Each structure stands twice: as C-alpha cells, then as structure tokens.
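What follows is a short report on a single structure.
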Amino acid sequence: MSGLRRGFATYTVRVAQFQAAQADTVIAPSLLAADFARLAEAAEAVDGAVDWLHVDVMDNHFVPNLTLGPPVVKALKAATAIPLDCHLMIEDPARWAVGYAELGAYNVTFHAEACDDPVAVAKDLRAAGSKAGLAIDRDTPVEDYLEILPEFDMLLIMTIKAGFGGQSFIPELLDKVRTARTHASSGHLDLRIEVDGGIADDTIAAAAEAGADAFVAGTAVYGAADPADAARRLRARADAARSSA
Ligand code: DX5
Ligand code: ZN
C-alpha cells in the first residue's frame, strides 16, 4: 500500500471512530405536558419513537409547582418499558433521589442548587443502579460544576427557568451547553448533555449545534395531534443539526 493510501485508510478509520464516539440522539418527551389522568396511554403513544420518558418531579418548595412523586413513578415503571428519565426539582435530593433509582428509574437528575454535596448523591445513585444527572437552572453558571462532571452521566441544562412547561426557549442559555460540551470533549468525558425547556421544531437544531445530545420536549410532543410523529420530527432535526455541526 502506498504511503498516501495508507494515510487515507488511517484517516477513514479515524473518521469512523469519531462518528462511533458521538452518542445517539435521545428524545425524551416530558409527561408534564400529557394528561395526568392518562399517563400510561401517554407513554404508549410515543413507544417506539422515543428513547426516554422525562418525568418532572416538583415538590412545591424548590419550584412553586407540584406534580408527582415515587408512587406515580412506580406505577409508570410497571406500565411502560420506556426508560424513565426522572428530573427532580425538589429540595433535599440527598434524602430523596436514591428512592427513584431504587424504583427502577433509568436516570435520576437532581438540581445542583438544592444540594451541598452533589458528588455524594451521584455515587448513591450509581450504587443504586441508575445513571446520575446533575441539573442547573437558568441562573446558575455552569463553570462552578465543570470539575465534578466526571462523577455524572448527564448534565441537564435548563433552557428556561425550571418549574413550568410551555415557556419560551432562552437561546442565550446555549452558551452553557457550548462550555460544557467543550469541557467534556477536551476531557474525553462520556457525558450526555440534556436541554430542557422550550425545545420544539424551531429551537432543537440550535441546541443540537451547541452540543446537546438529549432533548426534553413537553408541549412540542404532547401538544401535537400525533405525539410519536412530533417526536420523530424532532429527532430528524436534531440528527441533521448534529451531523452538520
Ligand atoms: C419544566 C420541566 C420541563 C417541561 C418542559 O421545569 O423541567 O421538563 O416539561 O416543557 P416544555 O417542553 O413545554 O417547555
Ligand atoms: Zn424537566
């Protein structure tokens, strides 16, 4: 083989390795926008078209809203095989988060603002068999948490102020996604970056280009006439933006 051809072969392998290293796009519809009296049907409506179900747990203390807790997560776990992506907007996650892992949540994400020792909670979550996610709200700088990211499987960056669905996406918050993705890539971290809030047909590409690879969408999925179709459309837009980024 000539030097040139050998060089090209090496290049081709490297490109393939790079492509293999990019994690698949995750689409996670938020049940917050579904009919709470029909959650099992809401799960079924997107089965096969999505990767995770995003479950927003709000305690009326960390955020003013109040949603659901362990009994509903337990019922959901029994009702669907779609992995549950639990987003805890609650105080004292050190006390409560591990319970969601024990119920079989695939991923448990808690807020940095609510916790003195996020690394300890991440260790408990992993020991209990779930992935560990760290969330940062609208006004929290990402720089404060870059050093502890190796302890986490996911970083959730709010693209609204946590608490309610149906709010408008804040594009400036994608700077945090860029910072986190650059940090994760340079440190070779295996880190998902999830964006949550106002993700829809007209915003998902910008989030994907910034470096997000997991996308929560409430209104854009459950507000659509065909939630599975809406989820597929979001995935296509994210995949296109990620492959051209
Ligand atoms: C809000 C929740 C979100 C919410 C997003 O604090 O964390 O998951 O469901 O809703 P949309 O997609 O409607 O902005
Ligand atoms: Zn959420």
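Glycine is treated like the rest: Cβ placed from N, Cα and C.
TrEMBL entries are annotated by machine, without manual review.
Binding of divalent metal cation is attributed by TrEMBL to H54, D56, D196, and within the candidate set H87, H111 the record adds H87 to that site. Of the recorded residues, H87 (divalent metal cation binding site) and D196 (active site, proton donor) place their C-alpha atoms 10 Å from one another. Summary of the divalent metal cation site environment: with the site residues H54, D56, H87, D196 set aside, the chain residues having Cβ atoms within 8 Å of the Cβ mean position are A28, S30, L32, V55, D85, C86, T109, L156, V216, G218.
Looking at S30 (substrate binding site) and H54 (divalent metal cation binding site), their Cα atoms lie 4 Å from each other. Fewest Cβ neighbours within 10 Å among the binding-site residues G163, G165, G198: this applies to G163.
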